[in-house]
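These features come from Swiss-Prot:
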- G153, V154, S155, R156, T157, S158, K159, T160: ADP binding site (BINDING)
Amino acid sequence: MHKPQSFFHLHLISDATGETLLAAGRAAAAQYKNARAIEHIYPLVRTEKQLEKVFASIDEEPGIVLYTIVDQKLARQVDERCQAMGLPCVSVLEPVLAVFQSYLGTPAGRRVGAQHVLDAEYFRRIDALNFTMEHDDGQLPHNVEEADIVLVGVSRTSKTPTSIYLANRGIKTANVPIVLDAPLPEPLLNAKRPLVVGLIASAERISQVRQNRLLGASHVDFDAYVDRAEIARELAYARQLCNRHNWPVIDVTRRSIEETAAAILALRGKSW
């Protein structure tokens, strides 16, 4: 008999694009078939202020923390904060750098993003990541016209991780939440340039993810937030909005982030 699949939060903090962390985290998570990692990616974290925002998010959804941060002061802060919160924390590159240093006899150069070639493509990706982080969860709706892609959907339909995945490929991606009976921002409805794509999932999947998100946390509308009938209403409203504006819809229930991104890029290829 199969054990029911459980969920855990995997927080990935990087001072560059986060691709190294993502690969390492997924390689480790793949060894645990009955535990699904809910990924939270924080790229371009290079200041204490940015780190504060990261830990505010981690505090809401505690889990495993992996990081690659060159600045040793920031790295120590990550270790100290995780220790204070009782969270497991690993610097992914530090053990590898220690081996290199021991063998080569010289310390590492400590260059941010040194594994990436600093060419035009790299800077395009960094620009896209900056844009995507600034336009997460409906932020700065007034300049959504500058996006290449806008993802819309109800809470917990993988909008943010999919946005970051696309940004890592140099695509400026904004995402906007759909809230039951609430209108969408006017700038989005009037936008001509970006491809707008709706993301949905089954009510069962969304309820499961939301319940896991709220474990150990208080939420005034807990019952409504995880109620499948209520979620079905949210999804019906989301479909209605997408149909009204002729936006394509992708069901992410059984798709990985990569598969969802591939489907979006296929739509983008048709529209450009």
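Any Cβ shown, glycine's included, is placed from N, Cα and C.
All chains included, 16 other C-beta atoms sit within 10 angstroms of the C-beta of S155 (ADP binding site). Listed in sequence order, the residues N175, P177, L199, A201, I206 complete the 8 Å Cβ shell around the ADP site centroid, once G153, V154, S155, R156, T157, S158, K159, T160 themselves are left out. Local packing around the Cβ, expressed as the count of other Cβ atoms within 10 angstroms, is greatest for K159 among the binding-site residues R156, K159. Fewest other C-beta atoms within 10 angstroms, among the binding-site residues T157, S158, T160, are seen around T160. The highest number of surrounding Cβ atoms within 10 Å, among the binding-site residues G153, V154, is found at G153. DSSP classifies K159 (ADP binding site) as helix under the three-state reduction.
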